[in-house]
Amino acid sequence: MGLQPLEFSDCYLDSPWFRERVRAHEAELEKTNKFIKELLKDGKNLIAATKNLSAAQRKFAHSLRDFKFEFIGDAETDDERYIDASLHEFSNFLKNLEEQREILALSVTETLIKPLERFRKEQLGAVKEEKKKFDKETEKNYSLLEKHLTLSAKKKELQLQEADSQVEQNRKHFYELSLEYVCKLQEIQERKKFECVEPVLSFFQGLFTFYHQGYELAKDFNHYKTTLQINIQNTRNRFEGTRSEVEELMNKIRRNPQEHKRANHFTMEGYLYVQEKRPAPFGSSWVKHYCMYRKETKKFSMIPFEHRSGGKVGDAELFVLTYCTKRNTDTIDRRFCFDLEASDRPGVPVTMQAFSEEDRKLWMEALDGKEALLINLNRANAKQEGSINDQGLYRVVGVSSKVQRLLSLLMDSKTCNEIDLENSVDWEVKTITSAMKQYLRSLPEPLMTYELHGEFILPAKSGSPESRVSAVHFLVHKLPEKNKEMLEILVKHLANVSKHAKRNLMTVANLGVVFGPTLMRPQEETVAAIMDLKFQNIVVEILIENHEKIFKTLPDATFPEPISMSVSPPNAPPRQSRRQGQRIKRPLAVYNLCLELEDADSHSSPREDTPTGSMDSLSSQSPTPAFSSSPPGLLDGNHLIMDSGDLAGWTTNLPAQSRPSMVSWMNIPSANPAATNAALPTFFFPNPASGTDRAVESVAHRKARAVYPCEAEHSSELSFQIGAIFEDVQFSREPGWLEGTLNGKRGLIPQNYVQFL
């Protein structure tokens with residue numbers, strides 16, 4: 001039910017019900033007034049936001065316009081030039097769009113703000129004034145009436161007639177004012193409908209015009225966009241074509257840098273440390289210089305350069321070389337040194353230090369250097385390398401009796417201070433490392449506590465690498481303070497050990513295998529606890545790889561968000577993240593084209609040369625399937641041989657790059673490979689190191705069954721449930737992913753979510 005109409009005849013009765021209807025009309029107009037007031041406020045905020053957006057868009061356009069790509073070489077292809085010019089085209093597009101937006105902002109003021117303000121001020125304001133008059137006249141009328149009625153009847157007739165006349169005139173004036181007020185109320189109730197909506201309609205018309213202009217600009221830009229996508233795809237295809245050649249050249253240079261030295265007019269060049277002598281109390285200092293030598297002219301030039309100070313270049317120095325002599329360690333307390341003498345400074349040799357013995361030999365050969373007279377021929381020329389480079393550090397076990405003896409001495413307060421582990425020759429490195437592991441394992445409670453064991457295991461089972469690190473970071477700071485301090489010291493040391501993995505072969509993954517059961521163990525030994533051993537290793541790997549962040553910074557105040565189980569259930573293997581792979585995001589318009597190009601190349605397995613003991617670990621979830629070593633009895637050509645049961649389930653669920661390093665710890669006998677191969681099932685995996693594609697060919701065009709459910713995160717991926725059968729399964733160029741067909745749709749499948757049939 002709407003507002004009841006105000007009848008003019010009711011103005012003369014002025015009944016309570018008439019007054020009730022008047023108040024209803026007044027309340028409706030007050031509500032309208034508040035609505036218009038809020039609408040004006042929001043409209044002005046909209047204009048301000050539009051102007052801010054326009055300013056930000058223009059700034060973005062200027063940034064695009066002012067940037068220019070630099071190219072490698074002395075010329076660009078047409079596609080590259082088109083790509084270079086694209087930023088300027090994008091800038092012009094945004095500039096034109098913002099011009100239309102400015103027109104929209106101006107039209108909002110003229111078509112919406114000003115008309116509503118005028119209606120509120122002129123119409124609603126006039127009604128308020130009329131209401132004040134009406135209320136004032138009401139008060140006056142009824143006051144006069146009450147006063148008139150109190151007149152005594154004994155007054156003279158003339159006085160009574162004058163009083164009656166005055167009351168009647170006042171009543172007529174009140175009725176006239178009441179009629180005008182009622183008319184104004186009803187008029188404004190009808191007027192507000194079009195006075196309010198018409199400006200809003202004009203605003204939307206301007207908005208539609210802006211969007212239409214944007215559509216027209218986009219339509220004009222469409223041809224350029226299509227051409228640019230083709231240019232980008234052509235450039236990407238050229239990059240893919242040349243990348244393998246560049247990597248091959250890089251690997252050749254890596255294997256033998258000296259054979260691929262660039263030809264220039266210098267016989268030898270590189271960095272040397274030059275001894276700068278100072279007055280007696282201050283000794284001498286060694287400053288790094290970039291040195292260049294021309295054998296034909298015997299000119300030697302050097303420029304001081306320090307990388308750590310932002311690449312500051314000093315003043316160059318040039319002299320003519322007279323002779324070069326090798327310095328031995330019995331004459332100077334530094335290795336790899338030799339002396340040079342300049343023609344303008346006879347008798348004042350300059351001592352220089354190379355980076356290595358091989359580097360010194362190259363400089364000596366280029367400078368026609370001579371051997372100095374040896375004072376002591378029996379003295380060694382090099383010191384023994386530190387024990388941190390010992391192969392299998394912490395993996396090689398010491399003699400049990402020696403380990404127990406060392407532990408007994410260290411745990412005894414009377415003898416612990418007498419043991420010098422750094423300089424003593426009585427204790428082998430493997431004895432010391434085994435004693436430390438034994439001590440940690442024999443603690444009444446593991447270093448990472450029984451209480452937090454399950455909480456540490458949980459993030460290792462699922463979730464993204466970032467969420468795992470955040471969860472472990474949070475839990476480490478829940479440890480008792482002494483436990484945390486001890487854990488920090490140990491993990492910092494293990495991180496240092498992993499940095500020398502090229503020599504000691506102790507990668508982060510290998511250290512995780514060794515120290516997972518050492519730092520963590522469940523309070524109760526069960527089959528489920530045994531199955532969680534691999535996740536203990538992952539937690540240790542996370543600690544090693546992120547020790548700086550975990551121990552040097554505080555975690556978030558709140559516990560990390562629960563790890564999503566929508567894609568990877570608790571027993572599912574961690575899904576390979578394509579964000580961490582080598583795929584570059586492509587424009588959506590050409591993505592299917594790129595997928596078709598990849599389908600054509602899906603039979604070629606990616607090749608990577610990874611040194612023994614890959615630096616990758618379970619915690620990093622790197623998707624690159626690189627086999628770096630082949631334990632005896634485990635690899636037969638391109639086929640990975642594994643025992644059935646738990647061993648196969650454990651290793652096949654690991655990321656591809658982690659399998660060789662993990663399997664190598666199992667010590668499976670290889671005395672009779674033929675018998676082993678006959679007894680064990682064969683699992684096919686690509687072996688890039690073999691230089692063949694047999695493993696890939698053995699998988700191509702096969703069927704596979706889903707063993708875990710998966711929800712697609714991209715239009716190029718497939719969603720499926722457990723038991724789904726995939727047709728025509730092939731290895732994708734996307735590391736860690738397969739390509740297959742399900743229900744007529746072809747897309748990407750996580751490699752570790754399926755089993756081949």
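Positions of Cβ are set from backbone N, Cα and C atoms, glycine also.
The domain 'PH' annotation in TrEMBL covers 265-372. Counted with DSSP, the domain 'PH' (265-372) comes out as 16 helix, 52 strand, 40 coil.
Summarising model confidence by region, the domain 'Rho-GAP' (350-551) averages a pLDDT of 83. What TrEMBL lists as domain 'Rho-GAP' is 350-551.
Summarising the annotation, TrEMBL assigns region 'Disordered' to 562-583 (among others).
Under the heading region 'Disordered', TrEMBL lists 599-635 (among others).
If you look up TrEMBL, you'll see 600-610 marked as compositional bias 'Basic and acidic residues'.
Taken from TrEMBL, the feature compositional bias 'Low complexity' covers 617-632.
What TrEMBL records for 699-757 is domain 'SH3'.
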Tally of residues which DSSP labels helix, strand or coil - the domain 'SH3' (699-757):
4 helix, 30 strand, 25 coil
